[in-house]
Structures are given as structure tokens and as C-alpha cells.
Amino acid sequence: MQNGRFKVNGSTKGEFRQASVMLQLPLLVTAQVDLVLLLVSAFAFWTRLGHLSYPNAVVFDEVYYGQFVSLYMRRVFFVDDSGPPLGHMILALGAYLGGFDGNFAWNRIGAEYPSSVSVYSLRLLPALCGALCVPLVYLLTLELRFSHVSALSAALLLLLDNSFIVQSRFMLLESVLIFFMLLAFFSYLHFHNSTSSPWSKYGWLLLSGTSCAAAVGVKYMGLFSYVLLLGMASLHMWTLIGERSVSHLNVFVHCVCRVVCLVVVPVLLYVFWFYVHLSLLNRSGPHDQLMSSAFQASLQGGLSRITQGQPLDVAYGSQVTLRSSAAQPIPCWLHSHKANYPIRYENGRGSSHQQQVTCYPFKDVNNWWIIKDPSKQQLVVSSPPRPVRHGDFIQLVHGMTSRLLNSHDVAAPMTPHAQEVSGYIDFNVSMLAQDLWKVEVSNRESDSEVWKTILSEVRLVHVNTSAALKLSGTSLPDWGFHQLEVVAEKLFKAHSSSLRWTVEEHRFGTSEQQREREAELHSPTQIDVDRKISFWAKFLELQWKMLTVKQENTEHKYSSAPLEWITMETNIAYWLHPNNNAQIHLIGNPVSWGLANLCLLSYQLLAAVYVLRRRRGLKDLPDGERHTSVLCVCSFLQGCSPFS
């Protein structure tokens with residue numbers, strides 16, 4: 001006995017009795033279940049996931065997104081100017097889980113899927129996102145401090161909406177975008193309304209920031225909702241700063257946590273989506289031509305097979321091809337051939353009648369030029385090679401015809417305000433050669449920068465006239481074989497991207513004789529040189545291409561005007577059965593869309609009247625209800641944005 005208690009195996013009998021009292025059987029667990037939420041969720045999954053494989057054919061924009069899914073499966077690089085890559089990666093994940101290998105020709109709407117393609121897995125993730133949107137709307141309405149009846153009404157309107165059901169059941173991105181937007185607002189409102197511990201609260205805020213990054217990563221349309229949520233958070237943070245009961249340190253911590261969760265984390269995640277995208281797509285593909293030579297050379301196959309092992313530094317005597325850095329109208333290379341400009345053009349203007357210099361959009365032996373030292377006659381690389389640097393003066397000799405690149409005070413054929421560029425021919429007339437060019441490395445890090453293969457972008461400035469070599473982009477007539485015009489234009493007149501040129505293919509010349517040199521141009525020599533482009537350089541270039549390289553906007557049979565989206569005057573035929581009258585159309589539910597339009601209009605009118613009365617000093621709503629109405633306006637705005 002010790003301290004009045006008996007010990008048994010190191011424990012007191014009193015402790016045994018206490019434990020036996022605590023462990024009473026049966027063990028009971030009490031939980032609160034919202035049956036309404038369960039029911040609307042069950043109906044949402046039934047309407048979105050039921051018979052998901054029907055029809056077993058390509059439906060509407062599946063023909064568009066399916067091509068990108070196949071490229072992901074084969075890890076082939078592509079550029080989609082419609083938005084960031086996260087949505088495509090989510091669709092590709094569903095295809096990967098279903099064992100899709102990318103071998104399907106997405107060439108037309110209505111094409112039958114073969115038995116080897118799991119149609120269910122292709123459409124599964126968009127359907128799951130569409131189904132989860134219904135309970136999210138229910139919970140979001142409750143977070144806005146409305147009743148359960150209002151929450152049920154909102155959920156039913158989305159549950160029974162025809163257009164959203166159609167968009168959720170196929171391999172499309174609308175349901176994925178709406179899911180992340182709803183999740184972002186629900187998470188933020190739950191954080192704002194929660195009275196739990198700070199760690200639990202900020203977990204919801206972190207989820208909100210992550211969802212914002214995902215929404216923007218699916219489509220840039222998600223940016224509108226993200227900015228709206230940032231505006232709400234800024235107002236709440238401004239109110240917090242004015243709370244005198246909160247210490248300065250706590251205000252600072254709260255503000256920092258909000259900035260980290262809603263700004264820093266989304267930005268980092270947005271970059272991360274592209275990191276995964278570029279890591280997966282490491283093979284040459286159909287969109288390589290849109291990217292720079294350095295970007296192309298970083299991909300397996302394609303240009304990298306040609307440029308692998310090229311000399312890095314351009315030297316006197318180097319044989320090079322010069323690609324224009326301008327993205328439009330199409331990628332092309334500085335080119336010349338054995339054809340002269342006509343003596344007179346169709347409009348009566350005269351020319352120099354010298355050899356044509358153009359920009360040719362295909363690989364060709366006539367794209368090769370030799371970098372020549374003006375003070376020497378040799379056209380081979382010395383030993384050791386003498387590199388060309390920023391500020392050096394050079395001559396460019398056409399490899400196949402030995403004509404020097406020349407410009408003079410003669411109007412260009414299609415761009416009369418610019419100078420003609422030609423391969424100089426001495427006709428024994430008073431037109432002297434003007435064939436000196438100054439090398440300016442535009443992306444140099446120092447004034448002694450060496451001209452580098454693929455990595456350097458250079459301007460070639462004509463010494464006699466201070467005009468720069470430029471791709472005008474205008475197509476030449478029949479006498480120019482419809483190749484693109486190259487001119488020399490004053491620097492202050494020319495657009496910067498059309499002035500820059502990049503050495504794409506490069507070898508060291510070793511043959512002085514013309515016949516031997518022509519044979520050499522067909523059989524490049526290689527020297528092993530390792531060079532890579534950084535992720536940040538690829539990321540920034542891809543961002544720029546996505547924002548600037550837009551496909552031509554043309555009308556098609558599915559086009560509709562914005563007013564028709566509200567009035568539902570027209571619908572979109574998603575799929576037609578080839579043998580019977582079975583059809584799938586995209587059109588909204590007239591009841592829900594009519595009520596929504598009427599309510600939005602009524603709400604805006606009431607809000608305008610309320611603002612005017614409040615300005616006159618008549619407060620119809622307490623401050624708490626006024627705050628709730630502001631949140632409702634923000635939620636309505638973000639709810640409308642994906643359908644616009």
C-alpha cells in the first residue's frame with residue numbers, strides 16, 4: 001500500500017475503477033447530418049455521372065480539347081492561345097487514368113470512339129466537378145447567411161439547369177472552372193465567418209487562394225473572379241485595420257497571412273502549373289514554329305536534332321541561317337536566289353535589278369549566309385576562331401550565289417518608304433556596293449557580348465544609311481515567288497521584333513572554292529556544345545506567345561451574340577446521331593434563366609433605390625444586413641462571370 005492506495009502491476013485499483021467508469025459500452029457517436037445537402041448532392045451525381053459514356057462519339061469541343069489530351073499522352077509540345085494549361089492537364093489526367101495512349105484522330109464532331117478508348121474516364125473529372133458545384137452552391141448560400149430554404153432553391157436552380165448539365169457531362173472545361181470559382185468563394189466566406197482557431201481558419205483561406213490559382217490556371221476568365229475576391233478581402237482587411245480592440249501586432253500578422261494566402265500562393269501555383277506543363281511536354285511538336293530558336297532547341301527532336309552540337313559563338317567565316325524573330329505573319333529565314341528584281345514594277349517605279357533578297361518560310365539551302373570580315377577575302381573560319389562581337393562591322397555573303405547582302409537608296413518593291421535589300425551585282429553603272437552591316441546584339445549583357453547561336457537576337461544596321469534589316473511581312477508578287485519582303489528601314493520607324501534576327505543553324509566554314517562550299521552547305525559539321533534555356537525564359541516566352549499569338553477570329557455556325565445568351569433565342573447543337581433523331585443541344589432552363597435575369601434586374605434597381613435613400617440619410621437596412629447585401633452582389637457577379 002502506498003499513499004492509502006493498493007498498487008496492482010504498477011497501477012492503483014482506484015485508477016482501474018476510474019477507467020472502467022469511463023469505458024462504458026456501447027460506445028455512441030453523435031453526428032449532425034444535413035439530409036437536404038445529401039439529397040441534392042446525390043441528385044447532382046446522378047444527373048452528371050449517369051450513362052456518362054453516351055454518346056460514344058466526339059461531342060462539340062471534345063474535338064478541340066481531345067487534340068491537346070493526345071499531345072499530353074505523347075508528351076508533345078503545343079501552344080493553346082485560349083488559356084493556361086491546368087485545365088488541359090486535368091482532362092489529360094482523366095485520360096491517363098483510363099489508359100488512353102493518345103492514339104485517336106480528333107478530326108471531326110461525331111466521330112465514333114474505338115473500344116480501346118475509355119470514354120467514361122475522358123469525361124469523368126469534368127462531370128465530378130459539375131456535380132460538386134451543386135452542394136457548393138448550397139453551402140455558399142448558407143455562408144451568405146441565408147436560410148436553408150434559400151440555399152435549397154439556389155442548389156435546385158443549378159441542379160436542374162439544362163446548359164450546366166450538358167457542359168458537365170462532356171470533356172469540356174466550363175464545369176471545372178466554375179467548380180474552382182465556387183470553391184474559392186465558399187472557402188473565403190467560411191474563413192471570414194468562422195470563429196474557430198486561427199490555424200483552422202487560415203486553412204480555409206489557403207484553400208481559397210489555391211482555388212483561385214486553379215481557376216485562373218484553367219481559363220483566364222477565372223481572373224475576374226480572383227480580382228473580385230481580392231476586392232472583398234481588401235475591404236475586410238481595411239475593416240480589420242480600423243478595429244481599435246485588435247493589437248498592432250495581430251493586425252500585422254492577419255494582413256501578412258492574407259497577402260501570403262491570397263497573393264503569394266496563387267502566383268507561385270500559377271507558375272507551378274506551367275512548370276509541370278513544360279516538364280511534361282519536352283518533345284518537338286506542331287507548334288514549334290511559333291517559338292524562338294532557343295525554345296525549339298530545348299525540345300527533343302525537331303530543331304534540336306539539327307542544332308545539336310553546333311558551335312556556340314558566331315565567328316568570321318561562319319556559315320549561318322538567320323531566322324526573323326518576328327512572330328507574324330509566319331516564321332521565316334533570310335533567303336536569296338538566282339532571280340533579280342524586275343527592271344520596273346507594275347506601278348511604273350524602277351528597281352536596281354539586282355538579286356532578290358527575301359524571307360522564306362521553309363528550310364532551304366538558299367537560306368545559308370557566310371559571315372565575312374570586310375578587311376579580308378577569306379570565307380573560312382580561322383584557327384583559332386575569331387568571334388563576332390556586338391558593334392563589329394561585317395559583310396554577309398550568300399552561300400550559294402556568293403552575292404553580298406546590300407542596301408541602297410532605292411525604294412523597296414512593296415514598301416516604298418523603306419529601302420530595297422538585294423544581293424549586289426556590279427552592272428558597271430554608277431551604283432556602288434553598300435554592303436557593310438553593323439552587328440548589334442539587342443539582348444546583350446555587356447558591350448563586348450559575343451554573337452551566340454540561337455541565344456542572341458541581333459539587329460543588322462546598314463552602315464551607309466543607318467537603316468536596319470527588317471521583315472516587312474508583305475508577300476511579293478509572282479516575280480518574287482510569293483516569298484516575304486525584306487527591307488531596310490530607319491530604326492525609329494521600324495517595329496522592334498521585326499528588326500531582330502537569330503542564328504538558328506550554324507557551322508564553321510572550311511572551303512574557299514565555290515563548288516566545294518556548295519557541297520559543304522549540304523553536309524554540316526558538328527562540334528559538341530551543351531547549352532540549355534532556363535525555365536523562366538521558357539515560361540516568359542510562352543506567356544507572351546499565349547497573349548499575342550491569336551488565331552484569326554472568324555464566324556462559324558456555332559457563333560452567337562451576347563444578347564442571345566440571355567434571351568436564349570438560339571441554341572448550340574452539340575451532337576447529332578447519324579442514323580436517328582437523337583440530339584444534344586446546349587440551351588438553358590427557361591424557368592431558371594428567366595427567374596435569374598428578372599431577379600438580377602430587380603436587385604440592381606432595388607440597390608440603386610437603396611443607395612439613393614441612404615445618401616438622403618434614410619437607413620432602410622442595419623449595417624449587418626447591408627454588409628450581407630454587399631457580399632451577395634459580389635457572389636452574384638462571380639456567379640455570372642463563367643457564363644459570360
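Backbone N, Cα and C define each Cβ position, glycine as well.
Because TrEMBL annotations are produced automatically, they should be read as predictions rather than curated entries.
Since the structure is predicted, the reported quantities are computational estimates derived from the model, not experimental observations.
Among the features that TrEMBL reports, domain 'MIR' is placed at 311-374 (among others). Counted with DSSP, the domain 'MIR' (311-374) comes out as 3 helix, 30 strand, 31 coil.
Positions annotated as domain 'MIR' by TrEMBL: 385-442 (among others).
TrEMBL lists 447-506 (among others) with the feature domain 'MIR'. Taken together, the residues in the domain 'MIR' (447-506) have a mean pLDDT of 86 on the 0 to 100 scale.
With a cut-off of 8 Å between Cβ atoms, the residues of this chain six or more beyond the transmembrane segment (21-46) that come close are 130-135, 138-139, 148, 151-152, 155-156, 159. Residues or ranges marked as transmembrane segment in TrEMBL: 21-46 (among others).
The transmembrane segment annotation in TrEMBL covers 86-106 (among others).
Sequence annotations record features per position, and here TrEMBL assigns transmembrane segment to 118-140 (among others).
Look at TrEMBL and you will find 146-165 (among others) tagged as transmembrane segment. Counting residues 6+ beyond its ends, the transmembrane segment (146-165) has Cβ neighbours under 8 Å at 36, 40, 43-44, 47-48, 130, 133-135, 137-140, 174-175, 178, 586-589, 592-593, 595-596 in the same chain.
Residues 60-62, 65, 87, 90-91, 125-127, 129-130, 132-133, 136-137, 139-140, 143-144, 164, 201-202, 204-205, 207-209, 211-212, 214-215, 218-219, 221-222, 225-226, 229, 232-233, 631, 634-635, 638, 641-642 of the same chain lie 6+ residues outside the transmembrane segment (172-191) yet bring a C-beta within less than 8 angstroms of a C-beta in it. Annotation comment: TrEMBL describes 172-191 (among others) as transmembrane segment.
Here TrEMBL flags 251-276 (among others) as transmembrane segment. Long-range Cβ contacts of the transmembrane segment (251-276) within its own chain (Cβ-Cβ under 8 Å, at least 6 residues beyond either end) map to 84-86, 89, 202, 205-206, 208-210, 212-214, 216-217, 226, 229-230, 233, 237, 240-241, 243, 535, 539, 542-543.
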Quick check on the domain 'MIR' (385-442): DSSP residue counts for helix, strand, coil, in that order please. 0 helix, 26 strand, 32 coil
Are there residues at least 6 beyond the ends of the transmembrane segment (86-106) whose Cβ is under 8 Å from a Cβ of it, and what are they? 58, 62-74, 80, 113-114, 116-118, 120-126, 171, 173, 176-177, 214, 217-219, 273, 276-277, 280
Summarise the domain 'MIR' (447-506) by DSSP state, stating how many residues are helix, strand and coil. 7 helix, 29 strand, 24 coil
